[in-house]
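Following: one structure in structure tokens, then a few remarks.
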Amino acid sequence: MHVTQVAKIKIPKSYNLVLLFSLSSKKNPILHLLVLTRRIKGEKKVAYPHPLLGAINGNKIETMRAAKLLQYARQWRSTAKEVFDHSILFAQFLSILHLTDTYICSPTLVYGPSMLPTLNFTGDVLLVDKLSPLLGKVGTGDVVLVRSPENPRKTITKRVLGMEGDRVTFLLDPAHSARSHSLVVPKGHVWIQGDNIYASNDSRHVGPIPYGLILGRVFCRLSSGNMYGHLGTLDHWDNDSDENCNCN
């Protein structure tokens with residue numbers, strides 16, 4: 001066995017140097033675990049040929065103790081390797097999950113009256129496509145998840161009713177008046193509204209919002225009443241768009 005001297009250590013006469021652990025491979029350097037053991041008075045030092053035990057004294061109890069320590073060292077190495085391997089797999093799983101949730105697709109729970117009757121008041125679990133906004137695939141009629149322009153910590157779910165360059169006509173206060181207003185959506189912005197115009201805080205109140213606030217496009221609904229359902233685009237607004245909002 002090749003030995004490389006790394007330090008000079010003076011061993012007292014009443015102690016023995018015991019080699020408890022040795023590891024050598026092509027990928028790993030040679031690793032030795034050396035322990036000093038006290039020699040019983042009157043006993044002589046005996047050199048054992050076993051390469052993992054090294055030179056220990058002739059007492060059987062000391063020999064058994066060294067062998068048991070060696071067994072513990074092997075078990076610890078095996079357990080540590082197993083824990084390390086599982087930790088690597090778990091870290092990879094978390095990385096993939098984070099990337100998927102952030103940039104590809106994620107489930108989102110939404111509730112409230114603003115998207116009635118398309119979405120339930122008590123809550124719906126929606127699948128949100130995160131790639132569409134990045135690729136510019138969001139269009140008029142899509143239901144989108146948006147970061148609130150009034151409170152960046154909140155997200156809201158609305159329907160896109162106008163892209164940049166579109167002229168939109170909408171009712172200012174549909175519950176009390178038929179008065180309408182028109183404007184052209186500026187560049188880099190979109191016009192969003194809730195399907196329930198009587199209980200929605202949307203672009204009618206805050207104006208067109210920047211396209212960059214769109215976090216994702218809702219493409220599927222998972223809920224107790226409808227375990228799987230494709231969320232259409234203009235399935236609700238086609239019937240009454242003349243009363244609520246016209247996009248040209």
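Just so it is clear, glycine is given a Cβ too, placed from its N, Cα and C backbone atoms.
Remember, TrEMBL labels are computer predictions, not curated facts.
What TrEMBL records for Ser114, Lys158 is active site. The domain 'Peptidase S26' feature in TrEMBL is assigned to 90-170, 182-221.
The average pLDDT computed for the domain 'Peptidase S26' (90-170) is 92. Using a Cβ-Cβ cut-off under 8 Å and counting only residues 6 or more beyond its ends in the same chain, the domain 'Peptidase S26' (182-221) has close neighbours at 106, 108, 113-119, 124-130, 132-133, 137-138, 142-147, 149-150, 155-172, 174-175, 228-231, 236-237, 244-245, 247.
For the domain 'Peptidase S26' (90-170), the number of residues in each DSSP class (helix H, G, I; strand E, B; coil) is 20 helix, 29 strand, 32 coil. Residue pair Ser114 (active site) / Lys158 (active site) shows a Cα separation of 8 Å.
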